[in-house]
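Feature annotation from Swiss-Prot assigns GTP 1 binding site to 8-15, 58-62, 123-126. Annotated GTP 2 binding site per Swiss-Prot: 187-194, 234-238, 305-308, in sequence order, evidence recorded as sequence analysis. The domain 'EngA-type G 1' feature in Swiss-Prot is assigned to 2-171. Positions annotated as domain 'EngA-type G 2' by Swiss-Prot: 181-364. Among the features that Swiss-Prot reports, domain 'KH-like' is placed at 365-448.
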């Protein structure tokens with residue numbers, strides 16, 4: 001698909017323009033704010049205008065190589081260069097309020113060396129009265145500048161027209177229509193989520209470093225396994241909610257936005273992969289993240305990462321420890337399979353995909369009403385249970401939805417149904433109809 005990459009210095013408005021271009025309902029698709037450098041990872045989205053579709057790529061702030069100060073900036077620059085190499089069209093976004101700076105001129109020089117098609121776009125021209133700001137930018141070496149405002153939308157239609165003119169008249173591929181399985185990778189900061197994604201993709205799509213919290217935006221990437229495509233979502237590490245109640249600083253503010261983006265990623269997903277640190281075990285925050293997945297009735301795979309750091313002679317004992325730990329601390333997602341993996345060594349990572357396929361097959365499975373009531377007839381119809389002095393009788397059951405499989409059970413007294421009754425029915429459904437790894441949603445209704 002035709003790919004447009006937005007490049008520019010930190011805080012020139014790249015993410016704001018990106019969000020406007022993809023018209024996303026997810027208003028924080030890319031984290032935006034007044035703080036410089038809040039986009040550290042690459043964001044991908046699909047824009048559709050005038051029956052034309054194209055990929056839009058929002059990059060981190062571009063800066064000359066000689067100004068690199070740390071490992072994070074070095075990795076950011078590598079990501080941007082990779083995105084530029086995949087581009088069909090580059091938007092060099094400039095800031096009219098700050099004016100033309102030496103870094104803009106150096107960036108323009110480097111972009112010209114790529115030989116790619118470039119649009120020179122001057123942002124923060126909120127209305128025609130600000131047009132005089134653009135004249136200094138002609139010295140960058142172009143005959144055409146496009147004045148816009150990512151916030152107000154001034155000049156935006158003209159920019160879209162310019163982009164559409166450059167898209168070949170070929171049938172676009174709609175990523176959403178491909179109906180790819182959507183997989184959210186979730187977990188606490190620094191448990192290895194991005195390393196896992198990078199290993200599955202075979203290239204560095206995300207910043208990976210020993211510094212906790214280096215992924216702040218959710219990132220979508222397509223992974224292919226034996227010809228089948230999966231949409232992988234790497235979320236920012238989810239921290240304790242109490243963490244976000246502290247006094248707001250720049251870092252905490254951005255992390256708070258990232259927290260809610262992570263929740264949105266779980267909402268988007270079909271299956272969530274919860275990454276747990278093998279050295280730290282299952283902690284309270286892991287339980288809370290699993291609880292979010294369970295509440296939303298998403299498929300779940302638990303990955304015990306950093307298995308390479310467990311001494312070989314202790315791994316059997318450690319595996320048994322995690323089996324017991326999952327039963328004890330994650331009892332509410334007892335249907336979820338788990339794997340011990342090493343993102344660094346790429347050990348057992350490919351076992352994820354058969355599990356995803358099985359979960360998705362079960363997740364969309366439909367059981368006929370006749371089969372369900374045959375089960376009830378055999379197991380429950382004549383069974384009368386007591387609950388606090390009340391007689392509870394099950395009449396019949398029907399499946400009303402898939403993704404997740406949702407069943408409605410009709411009883412004589414809805415108030416008498418307790419959680420252990422629901423777990424009993426769930427166990428029957430799982431054993432009889434082979435819902436091994438998928439969540440099941442059971443609703444109780446009183447027969448009138």
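Quick reminder: no glycine exception, Cβ is built from N, Cα and C everywhere.
Burial estimate for the binding-site residues (11, 59, 190): highest at 59, by number of other CB atoms within 10 Å.
Reported as a whole number, the C-alpha separation between residue 59 (GTP 1 binding site) and residue 193 (GTP 2 binding site) equals 20 Å. Here the domain 'KH-like' (365-448) is broken down by DSSP into helix, strand and coil counts: 29 helix, 28 strand, 27 coil.
Within the same chain, the residues at least 6 positions away from residue 307 (GTP 2 binding site) whose Cβ sits under 8 Å from its Cβ are 278, 315, 340, 341, 342, 347, listed in sequence order. Here the binding-site residues are 8, 187, and the one whose Cβ sees the fewest other Cβ atoms within 10 Å is 8. Taking the C-alpha positions, the distance from residue 190 (GTP 2 binding site) to residue 11 (GTP 1 binding site) comes to 26 Å. Sparsest Cβ environment among the binding-site residues 14, 125, 193 (other Cβ atoms counted within 10 Å): 125. Under the three-state DSSP scheme, residue 187 (GTP 2 binding site) falls in the strand class.
For the pair residue 14 (GTP 1 binding site) and residue 187 (GTP 2 binding site), the C-alpha distance works out to 28 angstrom. Cα of residue 187 (GTP 2 binding site) to Cα of residue 11 (GTP 1 binding site): a distance of 28 Å. In this structure, the C-alpha atom of residue 8 (GTP 1 binding site) lies 28 angstrom from that of residue 193 (GTP 2 binding site).
Residue 125 (GTP 1 binding site) sits 39 Å from residue 193 (GTP 2 binding site), counting Cα to Cα.
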